[in-house]
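Participant: First the structure, which I've put down as structure tokens, then a few questions once you've had a look.
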Amino acid sequence: LAGIYKNVIGTDTSLEQLEFAPKLPNVRYQQTSPVISMGELEQTVSTQSSVDLVYIAQAMHWFDLPAFYQQVKWVLKKPHGVIAAWCYTVPEVNDSVDSVFNPFYTVDSDPYWEPQRKLVDDKFMTIDFPFEPVEGTDNTGPFKFVAEKMMDLDDYFTYIRSWSAYQTAKAKGVELLRDDKYTKTSSIQHLMEAKIREVFESVGSFFSGGDHIPWCDRDIINGCEREAAEAAEGDSEELKRDTIMRLSWALVHSKQSEDVQRGIAMLEASLANSSPPLLDREKIYLLAVGYYRSGEYSRSRQLVDQCLEIAPDWRQALDLKKTLEDRVAKDGVIGIGITATAVGLIAGGIAAALARKK
Ligand SMILES: C[S@@+](CC[C@H](N)C(=O)[O-])C[C@H]1O[C@@H](n2cnc3c(N)ncnc32)[C@H](O)[C@@H]1O
């Protein structure tokens, strides 16, 4: 969203979750109360009829929907404001792994899920969504789409440990991922190890697509170019700086190596001029992404280390550092089989709904 919209406000009730979110120049994060008054909404999030898009990722099932929808209608611009929501269901790997996972999900963990989880299991098909479709009923959701993600076995268990059900069980003294049953001697480990060989035989491009760093497409880059060109003609230094940052962000995330090189050159040039330290920090991180994408891992690593000196808990920089370490380690073993614990994880069954406000 940060690549498409001028200003983004990301809200969550959990400060901890917000700290995980990527820091971007045009995104402001705001912690909110679980039930937020109109006054708080206006003061901390946005004013009446001021928002183009309300977007909810894997969270709408937790909300008090009637109250939330009333507030959505209040903040959205009239008549073209849009609400879009999506959720992802449980991961699918392959029949063998899924046959171990499914009883774990539907039996072991079932008592610890909140009743609202059913809306996600139903892929949002049954969620109340009182809005008009954007382009007629054929075009409203929920739609299904697939997101693929590479994870190693540790990542897979970390994902399960992040479930609210896992945490609830733990608070009640129940360890759902018992060592004897799942994490140590379990068949799931062997099944996943087998799966990784399969994945690597069929997906030769792990090393170009297996990280968490997003790609930016041509439309977004063009939009950022236009925006920066317009700002360059105006008087606002702040706007010039913001648009250049967005363009740099888009360029270093591009699939085209010429764009990445241009992004690097822009960032190097703008770092040479002094700017607020917070923005410098973002530039150093973006430069690290640019060098990573152009295969200059040791330069990228130096910059990531610089980021982590400034902010040791910076999640994005920590992720990039791990990605770089993995890349360097794995580049040396291409062709002789990959680390035995890596696994191809396909998260499927995602539902989405998109509608224009009534
Ligand atoms: C699965 S996480 C998704 C987080 C984020 N939207 C994302 O896509 O990464 C669900 C989030 O919903 C948040 N949440 C739960 N109840 C909420 C409420 N009433 N208002 C706002 N956020 C809430 C939780 O704190 C949690 O961060």
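Cβ coordinates come from backbone N, Cα and C, glycine included.
Automatic, uncurated: that is what TrEMBL annotation is.
Feature table excerpt (TrEMBL):
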DOMAIN    4-78  domain 'Methyltransferase type 11'
TRANSMEM  332-355  transmembrane segment
Participant: Would you mind giving the whole-number mean pLDDT across the domain 'Methyltransferase type 11' (4-78)?
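Facilitator: So the average pLDDT across the domain 'Methyltransferase type 11' (4-78) works out to 94.
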Participant: With DSSP helix as H/G/I and strand as E/B, how many residues of the domain 'Methyltransferase type 11' (4-78) fall in helix, strand and coil?
Facilitator: 28 helix, 17 strand, 30 coil
